[in-house]
Amino acid sequence: RKSRSASVNSNNSHSNDVTLQVPITKSTATSPTPSAGSIYFIAGMFDGKEKVNREQPPMPTTEGVEYPRAASWAAGNCANVLNDEKGKQLFRVFLFQSLAEENLSFLEAMDKLKKMKSGDEKVAFAKEILETYQASINLSSSSMKSLRNAVASETLDMEEFAPAIKEVKRLLENDQFPRFRRSELYLQYLEELLPRNYAEKWAQSFESLLGNHVGRHHFRIFLRSIHAEENLRFWEAVVEFRSSRHKANAMNNLGRVILSTYLAEGTANEVFLPFGVRQVIERRIHDNHIDISLFDEAIKHVEQVLRNDPYVRFLQSAQYIDLLGKLKSS
């Protein structure tokens with residue numbers, strides 16, 4: 001995708017005076033190569049020649065944020081991070097770097113539209129939203145049709161916007177939020193906040209290590225160095241699988257992906273299991289008998305493999321010792 005997301009800017013967060021910036025499309029992007037960390041945008045809605053240099057959104061500071069608060073952003077669903085001012089700003093930076101900031105900006109624009117009182121003002125702003133985002137957000141044809149119908153009407157029917165809003169929220173929830181939780185950006189922010197005593201607990205508890213985002217990240221790097229990373233990747237995939245227990249289709253899809261990625265013979269990430277365990281999983285998936293217990297025996301084996309040797313070696317590794325040296329005592 002050639003276009004960068006549009007953004008919603010306002011000098012006053014409580015004001016309805018909102019300026020939208022239109023992303024460059026393939027046909028109009030004629031600017032010189034931008035400097036690192038910046039992107040070129042069309043400044044005016046109808047002026048395709050005027051461009052402005054747009055910097056990356058600023059990183060949120062860690063001031064006033066404790067580790068448990070930041071760690072909670074990865075728990076549950078996307079609302080956890082969007083409902084926290086600093087979490088939302090960190091997510092915005094991630095989306096910018098992923099060329100997907102327009103999704104969050106569109107939802108923010110829709111929220112502003114809902115709060116507007118003046119009918120004429122709402123109609124004008126709705127048209128501006130359509131003009132700004134129709135080329136940069138990925139919507140189904142039916143949702144885009146509803147969006148255009150709503151804007152074409154003299155009296156805005158907010159229900160016509162609902163399908164587009166739902167699709168964009170689903171994209172953030174199912175695609176971009178999971179990638180944010182695993183991103184270097186988020187993990188580095190967490191590491192800045194991690195108290196030393198948290199990391200010290202990992203030496204007494206394997207469960208504490210696996211249950212900590214930063215701990216798992218450094219354990220993964222160590223496992224990669226000893227060619228055993230696939231075991232932790234499988235463990236994380238099963239955690240994600242179990243978290244989808246209320247979504248039958250997602251659970252079925254994830255189960256099959258895990259089987260083909262980690263348990264299929266000869267795959268680059270193959271996890272070796274005791275005789276019969278993989279066959280039971282294959283049979284249950286083939287028979288569509290997929291539930292939260294599908295990988296229970298496999299995960300027990302993998303946890304034991306990780307605990308027996310790699311965990312002990314990690315605690316003696318430079319990866320862990322160097323991290324302890326960087327962390328501040330709480």
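The backbone N, Cα and C atoms fix where each Cβ goes, glycine too.
Worth saying up front: this structure is predicted, and the values here are computed from it rather than measured.
Marked as compositional bias 'Low complexity' by TrEMBL: 1-16. Under the heading compositional bias 'Polar residues', TrEMBL lists 17-26. Residues annotated as domain 'RGS' in TrEMBL: 77-190, 205-324. Per TrEMBL, region 'Disordered' is recorded for 1-32.
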So, by DSSP, how many helix, strand and coil residues make up the domain 'RGS' (205-324)? 85 helix, 0 strand, 35 coil
By DSSP, how many residues in the domain 'RGS' (77-190) are helix, how many strand, and how many coil? 91 helix, 0 strand, 23 coil
For the domain 'RGS' (205-324), would you mind checking the mean pLDDT of the predicted model? 94
